[in-house]
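As structure tokens, the structure follows; a few thoughts come after it.
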Amino acid sequence: MEPVSAECQLPPEDDLLEMMMEQSFTEPEEKSKDKSTRKIIPKTKLCRGLNNRYCVLNVKEVYAQGEEKHLTITASQEGDDLELCILKDDWVALHIKPGDIIHLEGNCAFDNTWTISRDTGYLILYPDLLISGTSIANGIRCLRRSVLSEKFKVCDKGSRQMLIGTMLHDIFQRATTRGFTDSVLQELAHHTVHGPKYLKEMYQLKLNQTDVMGEVQEYLPSFAKWAIDFMTHPLNQHQINVTRPTAGDPTEATKVSEFLDIEENIWSPRFGLKGKIDVTARVKIHQKSKSHLKIMPLELKTGKESNSIEHRSQVVLYTLLSQERREDPEAGLLLYLKTGNMYSVPGNRLDRRELLKIRNELSYYLTNVVHKSDNGSKEITLASLPALIADRQACKFCSQMRNCALYSRSVEQQIENCYIPAEMIPVVQKETEHLNKDHLQYFRLWYLMCTLEGNSKDSKMGRKNIWMMSSSEREEDGQCIGNLIRTGPVQTISDGQHLHSFQRKSGTVPATNLMSGDRVVVSGEDKFLALSSGYIKEVKHNNITCILDRSLGKLPEDLLFRLDHEEGGGGLESHLGNLSRLMENSPVSDKLRKLIIDFSKPNFVQHLSSVLPSDAKDIVANILKGLNKPQKQAMKRVLLSKDYTLIVGMPGTGKTTTICTLVSTLHLKTCTSCLVDDHREAAGTHRSHRHSKGTVNLGKQKRQHRVTSTTSSTSAKCRSKTEPAVSAENKKLQKLISGSHVCIMVNGHKTFSQNNYIIFFDNILLLKKLPLHYMCAFALIHHQCFKGCVKSVSLVRELGMSESLFKRLERNQEAVVQLTVQYRMNSQIMALSNKLVYEGRLECASDRVSNAVVKLPHIKTLLLELEFRESQESMWIKDVLEPSNPVCFLNTEKIPALETEEKGGISNWIEAKLVFCLTKLFLKAGCRPSDIGIIAPYRQQLKVISNYFNSLSASAVEVNTVDKYQGRDKSVIIVSFVRSNIDGKLGDLLKDWRRLNVALTRAKHKLIMLGCVPTLSRFLCLEQLICHLKSKNHIYDLPAGAHEHMPV
């Protein structure tokens, strides 16, 4: 009997297998095949071998002796060398379609056929999506919860049990190096509970350190007992059942002989898994007359001793993860810290298979999050999640209940034929009854936009290139530095911060796009993926230093490393977490929904006397001294505000000064504490120096977490808040928060939930405003041309994701005040943005500011030297150096200076050389290196310019992107626009008028721009700039070969 076949999700063209069998090998059919195949194959690297990657070209359901799925697959980017993968048994339920990427485990038959069945092989769907073992284990009972937990990672609220569990993990892990004696355990417990590490969490949960210490001490005898039972007693005294596939008798005596690592971080692109193993231990196993050593994962649990399927599943998954670093452990250990009882968990095929199938389901729902319309329109809608389970009791205590109900009501109830259990409909309705139609629509739209943006960043800059590309390939893109060895000892800065120094095994550090502050992942060259991660501290010609979260000091000295740039996903989890909080049923969220979604008008009090103490008049008058009129108006509006104030801060108008003055004045408001959230690193640092007294600095300061604190002498004038039951050290923190009132660069730290006034710069994404949930009123200080992150999907911009919070709220004009008096730029530089952006509203604060010029003490000597060497080709140089010419645009059209496109990006070598030579001339004229700043929109150009400066002892000359200069200024700014071509290529970076405005407003005394006028004139915003520069005679046409006749 012939098998019956039904095709599933075929590509638009004929079936590829049939086409291969029937084609006459004529040229047109081969072209048709190539077109069909290439349309399906995504732009990703495919390969065979241990870490194979196949692309699915076709899926066919076959009914013979039983249901099967036949997958036509290829490891060729051109679609050649087709292979067949047969899914049998319960693997046929796998959601899979043409274009999907898979990894196969098992044996491929001689006829290039893979068989994945109940007994043989595994298939990993989307293996480059690494999913944690915890998420997979939680998906056993409710897959929907696991999907939501991956999306809304910041929504799980902390609890007493979770905090104490974390502390107990910490104590046990530290004891692995210190010992498990009673005295050591007591010392570790005291240090953990009373130290600063968990102070903020205890404060947030209103916990007393004495009570916490009491709970922790209940576990310590079990720690000691476990160590005696499984570390010090003779091998044959304590037996646990260890069932391993290669073992016979399951009863084996087990002894932990050595601890090799704690919190071992492992990425496994082979199985699509990631995780941190609590403890990695060398275990001595005795069976009958033989004994042998195994390296096993040891999972710690602090809750009830349940030996549950979820707990055991995590251990099974860790046995798979361990194969990335060593041989298959075949089993793992599960230890319950409350009792000291330990169980062996075998990593048998049945459990591994079922868990990998759950992982595949998770990856399907995490990847296929949107539906594109089938009717030819561009409409994109959200897809449904795994079905709700019909278990009210389980849902009642689920941490994702709110998000589950939100998604069901706002998204799934709008999808035709989406199944929702009848008994769960009332539960969903009750959980979301406080939300109206507009709120649900807002949630649906922002979830869609965040999802599209996150998917775009994952596909463009996903971390998969770290394991799919060699270090040499990544070096060509400027995203990696390979062939490194560690030099010198590792310096431990603090817990989780270890300073490492690397140098090239042979030669110097290659030119790279990696810069100070970039996040990196450190791996071995040939193996050991993601050993550690952290941030680059410094890149030099001969070495590179990094601050990493794990010490690599115990690894072999001759081990070769690679440093890969790791681009984040744009904070998707943070945005979705904030979106979820905005929808919660609480007074603060209700107020925010009314202001942000319903556009309720903000409220103001009528008189300052109602918000300031009666004796504060003289103090306020003294504070306001030196402020200009717009700044004083802004101060008054903020003090009168009950909801929010919007401050338009134009470039150089004293936004930082305004913030500092606001903070000082808010000290005087009864019971008012203040958070200041500013993503501009330089401005945040400058402001924290001004407020060195009375500040708490929590957050990322040049990518290094640190806390500095002092109390203000004026804080005694304000009343303390009611203190929770916390210990003396907690009270110190609370006194600091409620007394000194200022928190710089918080970015929404949970500790500060009792603060009730927030001042922050409006970044471009509305959903970044987590600190809003801790306020009763807030002030947005917004530079209307401030450049935030560029959205990579035009559809996302069209849907409205580029809308800032300020833009959304400014329809209520009574809340808006403008700062228009600037102290930075001289009048000619200011005229550029005033003409192009501000419609003449910007004004200089004084004649001194207006007429200021760059100070070049040796300019006369240099000009005499230039006259002596004068040539027709370099006449323009004198005009550029002249202090009384603050604005110069150097047109490179005639040189010519064409751009170069490389894997690492776009650069312009001639512009880079001109920038370098001009900088040397300014230095020779007496300008200080720290007063010169160089800006380019492309990282590749920064790399080229930096290469020139490697030979110049002028390290203080800063070379950076436009975005890095936000909130900062220099006396001299040189801008390289880079783009110069004859084929009309533009790109997106120079199309953004906000980024252009930032570049134009960084210079105080001298602004020099380099670019090709015909090319740049294709950009609308730059065309307007060039027209203005022409009208003012600021454009200098450089002669042919100008870069070859520079007098340096």
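A Cβ is built for glycine as well, from the same backbone N, Cα and C atoms used for every other residue.
On a predicted model such as this, the values are computed, not experimentally measured, just so you know.
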Practice task
For the [4Fe-4S] cluster site that Swiss-Prot lists with CYS142, CYS395, CYS398, give the additional residue from the candidates CYS404, CYS418.
Solution key: CYS404
Practice task
Quick one: of the binding-site residues CYS142, CYS395, CYS398, CYS404, which has its CA closest to the CA of PRO651 (ATP binding site)?
Solution key: CYS404
Problem - binding-site residues listed as CYS142, CYS404, MET650, least Cβ neighbours within 10 Å - result: CYS142
Exercise for the section: Give the distance between the Cα atoms of THR653 (ATP binding site) and CYS404 ([4Fe-4S] cluster binding site), rounded to the nearest whole Å. Expected result: 46
Handout entry: Cα-to-Cα gap, THR656 (ATP binding site) vs CYS142 ([4Fe-4S] cluster binding site), nearest whole Å
Key = 49
Handout entry: Cβ neighbour count (within 10 Å, all chains shown) around GLY654 (ATP binding site)
Key = 23
Practice task
Among the binding-site residues CYS395, CYS398, point out the residue whose Cβ has the most other Cβ atoms within 10 Å, with all shown protein chains included in the count.
Solution key: CYS395
Problem - Coarse DSSP state, helix versus strand versus coil, of CYS404 ([4Fe-4S] cluster binding site) - result: helix
Practice task
List the other residues in this chain whose Cβ sits within 8 Å of the Cβ centroid of the ATP site residues GLY649, MET650, PRO651, GLY652, THR653, GLY654, LYS655, THR656, in sequence order.
Solution key: THR658, HIS783, LEU819, GLN822, TYR823, ARG824
Practice task
Provide the three-state secondary structure of GLY649 (ATP binding site) computed with DSSP.
Solution key: strand
Handout entry: Candidate nearest GLY649 (ATP binding site) in space, where candidates are the binding-site residues CYS142, CYS395, CYS398 and distance is Cα-Cα
Key = CYS398
Handout entry: Rounded distance in angstrom between the Cα atoms of LYS655 (ATP binding site) and CYS404 ([4Fe-4S] cluster binding site)
Key = 42
